[in-house]
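Quick look at what Swiss-Prot lists:
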BINDING   His22, Asp180, Gly181, Lys182, Arg246, Phe247, Asp255, Arg261, Lys262, Ala278, Lys282  ATP binding site
BINDING   Asp24  Mg(2+) binding site
BINDING   Glu50  K(+) binding site
BINDING   Glu63, Gln106, Asp255, Lys286  L-methionine binding site
REGION    106-116  region 'Flexible loop'
Amino acid sequence: MSQTFGNSSKYLFTSESVTEGHPDKICDQISDAVLDAIIAKDPTAHVACETAVTNGLVVVMGEITTSCYVEIPELVRGVIKDIGYIKPEYGFDDRTCGVLTSINRQSPDIALGVNKSQEAKSGQVDELDLTGAGDQGMMFGYACTETPEYMPLPISLAHRLSKRLAEVRKNGTLPYLRPDGKSQVTVEYHNGKAKRISSVVIGAQHDPDITTEKIQADIIRNVIKPIIPTNLLDENTEYYVNATGRFVVGGPVSDTGFTGRKILVDTYGGFARHGGGAFSGKDPTKVDRSACYMARYIAKNLVAAGLADRLEIQVAYVIGVAHPLSVSIETFNTARMNHEDILSIIQKHFDLRPEAIIRNLGLRRPIYRQTAAYGHLGRPELDLPWERLDKVDAIKATIESLSVSK
């Protein structure tokens, strides 16, 4: 077997994704649906919405401070219906599930620092200093040249497979499929470049009267082959479709789900580091979310400008303070400029204060539910502000000026 991820010339790396009907992803979508509904009416609302689903029950809880009202049970049932849990025989559906809510206001101790940052309390008048970070912590962003969307290949393919699994269910190509499902892709790398697909794993929930043989043949033909590039497949590529032989009972009937349980699926599939904070259900004053988006935006624009083939950025904050505590980068020996100059470019072109992030990326808008399944990053089918490459020309101009000055 090949050596694992590291500095070896040949290694395997695996990432997974899940469909929108996975229990944890149901929760993410509900939490972000609540956030979108509130922020559409009250853009400055403070929202921290958590969801749990289990057999026949949805619980929505959290801390929300807002001037508006939204009908949460109605939102919950709408999300469940959109996903496809609409038949009683699934054991969980939009009409018969119970919905409980337990919502409190944001802690006034937290609000003290978020609503008025330490900088503002000290008399600074820059309006971008007014909003303090919603929590302490470190956040990471990453980009690489492996795919057109500047994402690692394993997670990119895994997301596309999971999304395709939902598509063939919804469009009737494979009408016997049910909403729950997972995918996993193992890529073999040679000298840091993707060489071939070692294995593809699909778990697809299905009706009880379909044979394993039919499911396996249908999934390979209608899901895997249309997604995986043929030049990466060979006679040694292994396919695992419903490896236990049966996947009838799924969704919240078989597994309890929670918001924020799929943080690597949401980001880089384990290819880059993660600070530990989840995204869904959080308004953009929570740097767990907004700073991760900003870090991705920075990394993607720097890589697209040719500064490195792989770049990871870490940003750290303290609650109630606008300016980050630290900013650091790792380029994995692919940089075409020293790290000090790259950091100076980041400082020149990207403002990492929470209010600046919110304004520059336009984050006080109902744009979040669409990110709650199939990845928050590297989504070419969505017009996500943190995926835009609108800083590349300015970065290149700065690179030229630095070269001239030296």
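Placement of Cβ uses the backbone N, Cα and C atoms for every residue, glycine included.
Overlay of Swiss-Prot annotations on the structure.
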{"residue": "His22", "record": "ATP binding site", "Cβ contacts under 8 Å, 6 or more apart": "Asp180, Gly181, Lys182, Gly251, Gly257, Lys262"}
{"residue": "Asp24", "record": "Mg(2+) binding site", "Cβ contacts under 8 Å, 6 or more apart": "Val18, Gly257, Phe258, Thr259, Arg261, Lys262"}
{"residue": "Glu50", "record": "K(+) binding site", "Cβ contacts under 8 Å, 6 or more apart": "Cys27, Ser31, Val60, Met61, Gly62, Phe258, Thr259, Gly260, Gly281"}
{"residue": "Arg246", "record": "ATP binding site", "Cβ contacts under 8 Å, 6 or more apart": "Thr212"}
{"residue": "Asp255", "record": "ATP binding site", "Cβ contacts under 8 Å, 6 or more apart": "Pro23"}
{"residue": "Lys282", "record": "ATP binding site", "Cβ contacts under 8 Å, 6 or more apart": "Leu35, Val47, Ala48, Cys49, Gly134, Asp288, Arg289"}
{"residue": "Lys286", "record": "L-methionine binding site", "Cβ contacts under 8 Å, 6 or more apart": "Ala48, Gly134, Asp135, Gly277"}
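It is Gly181 that, of the binding-site residues Glu63, Gly181, Lys262, has its Cβ surrounded by the most other Cβ atoms within 10 Å.
In the three-state DSSP scheme, Lys282 (ATP binding site) is classed as strand. When the Cα positions of His22, Asp180, Gly181, Lys182, Arg246, Phe247, Asp255, Arg261, Lys262, Ala278, Lys282 are compared pair by pair, the longest gap among these ATP-binding residues is 36 Å. Annotation note: His22 (ATP binding site) sits in a coil segment as assigned by DSSP. DSSP assigns Glu63 (L-methionine binding site) to a strand.
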